[in-house]
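See structure below.
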Protein chains: 2
Amino acid sequence: MKIGILGGGQLGRMLIQNALKYDDEWFTIDPAEDAPCSGISNFTQGNFNNYENVFDFGKGKDVLSIEIEHVNVDALFELQESGIKVIPNPEIIETIQQKILQKKFYEKHQIPSPDFQIIQNKSECSFPLPFVQKMNTGGYDGKGVQIINNEQDLENLWNVPSVLESLVDIDKELSIIVAKNENGETKTFPVTEMVADPKLNLLDFNICPAHISEDVQDQINKIADQFIKAADSPGLFAIELFLDKAGKVWVNETAPRLHNSGHQTQDGNANSQFEQFYRVLKNLPLADTEATGFSGMLNLVGEENFRGKVKYEGLEEVLKLPKTYVHLYGKTETKPGRKMGHINVLADSREALLEKLIHIKSLVKVVS
Amino acid sequence: MKIGILGGGQLGRMLIQNALKYDDEWFTIDPAEDAPCSGISNFTQGNFNNYENVFDFGKGKDVLSIEIEHVNVDALFELQESGIKVIPNPEIIETIQQKILQKKFYEKHQIPSPDFQIIQNKSECSFPLPFVQKMNTGGYDGKGVQIINNEQDLENLWNVPSVLESLVDIDKELSIIVAKNENGETKTFPVTEMVADPKLNLLDFNICPAHISEDVQDQINKIADQFIKAADSPGLFAIELFLDKAGKVWVNETAPRLHNSGHQTQDGNANSQFEQFYRVLKNLPLADTEATGFSGMLNLVGEENFRGKVKYEGLEEVLKLPKTYVHLYGKTETKPGRKMGHINVLADSREALLEKLIHIKSLVKVVS
């Protein structure tokens, strides 16, 4: 089958890596000539935000999908119209692309998410302080999001269409990955806990399964169920959640694609998010997602003050550790905050896992 | 690092597939234009038995290795001489390529292997019946091997340089995979039991860990140790063994490369033979090989009477089964007996594993 993916980054690379155990032809498009997918697929250098580029790329594929949500959806609608299978539906990609539509989607389908105000420009702001401002478009990896704490911060409010959202008193950041195939079969992965690095605003650790109560698990199951019904589309979705200190779960945002919060499934679950997404693309029976124990993930992110040809210090020490799995993304150049790879870790207890993650973080540095 | 592999088949494909989690440049050479490695590496269409082809391919690589042992070793010696790292050493490849040299190697190093006579032609045969004839060169996947049971069979004796070997009264066929890196670190995988299909003379099931006594395990450990010392080379080696009905272990033959008997390590062990071989090639710390439970493998082999574009009947049923992992090799054409893929299975007991393997074998057919 000819499978086309918009985006040629690490998510696409790991998708194709896993799917090399099946017989398909993979096609990717990315603006970067040396994108992580370039050497392992039929690669087109092009702009996935450009109508013509996406339309030309999509023609003749059996299935078309994404590994990044900021793509030209008009072309996807057109390709779908012409009979090409697009997963997930362009409608849900469009909804998620725009923070305002995404927020209205949660409201419409009674999916719990924080109170909000929609503004087209700065002058419309009348939301009680403190709050979060999320730009309608252009946000990615924590960019396009800021916290407005007080009157003084209000001066920095971006003068663009945005969602203003009340701050959640966060106990934990959680994520659930849910998949649905065209036959309507759905399956979730165990809930993952994300321990963030406030400085880079990128995920830092994942811990799976999350340490949560039965009640919290029930709330999350209900949200996943509501979301997948409302999205009305085959696909694999990562729902990012806040658990507040009163024990209530809120949706922060959703990604209509493979997600950093699912990377530890490569080594810690009966099947990974990459296998599951492959099965969605081909409408195959969904895979079992059972965790084999405690698993965790640590992002390898370019250190501050280093730019250029990447070097991974301490990696050999890490490779000596049992049940520790290094995943690099085939990127030759590092820069501060760039996601260069991750390390998955397995352990027999949550405590042992955390200890191992912290130890590994102290060993390895992404420099140049 | 620029890593070149002679051979572009499934072993190379699975090696590269696993190694996509690291940052290296992969190069392969194979006579078949559509070889399994062709789309996922820098591919050269060429003959790995030809001196010029191998020499030209090897130039400029950091490490050169093999995924098939029938390669031109003269070129490998030359490349090694010129400073290119060749793993394993050309000496041990040459020894293993030729059944006569291989047999003498076991004798010299007191590695237990069945009694034998070496013949250059038919007329020299004076070995007591019954026996096995193994052609000195050209054997592969059970080809070039025949059993001579009686006087009448003697007429069919191949008139080529051969090893004649006494028949072992086989209780089980076993295999151990052992790896050694340049630092001298060595590690073995758990012993695997191979249940053969006598008709196609290809492996049929693997079962791991093998059901063997402590004494048999000790004999095997000793053999692996003797072999790796005698081979005096970094590399990953699969030692195929016979356990006879009196409880003694004999070496049948050794492969100086990745091996079918290790395929279940992809899903059943902390790390796979592919990861281990990668670490050997880069002289990294060797990976832990611990089995997570009972694992098995079933070869997907082209059915008799089917040639042409491959179809896998029953594969969707198989994908519904938990802890069952399908691995296809990216080959578009099937023919009788061609290895097209394999299926790995995990279970909580040996009995459950066998039941699952037999069930899967009844579900899936490789046709055209």
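Glycine is treated like the rest: Cβ placed from N, Cα and C.
Under the heading ATP binding site, TrEMBL lists A:K99, A:K134, A:E165, A:S166, A:L167, A:V168, A:E173, A:N252, A:E253. Contacts of A:E165 (ATP binding site) defined by a Cβ separation under 8 A and a same-chain sequence distance of 6+ are given as A:K103, A:S113, A:P114, A:D115, A:F116, A:F131, A:V132, A:Q133, A:K134, in order along the sequence.
What TrEMBL lists as domain 'ATP-grasp' is A:103-282. Regional average pLDDT for the domain 'ATP-grasp' (A:103-282) in the model is 94.
The Cβ neighbour count for A:K99 (ATP binding site), using a 10 Å radius and every protein chain shown, is 24. In three-state terms derived from DSSP, A:K99 (ATP binding site) belongs to a helical segment. Neighbour density for A:E173 (ATP binding site): within 10 A of its CB lie 19 other CB atoms from the protein chains shown. Neighbour density for A:L167 (ATP binding site): within 10 A of its CB lie 15 other CB atoms from the protein chains shown.
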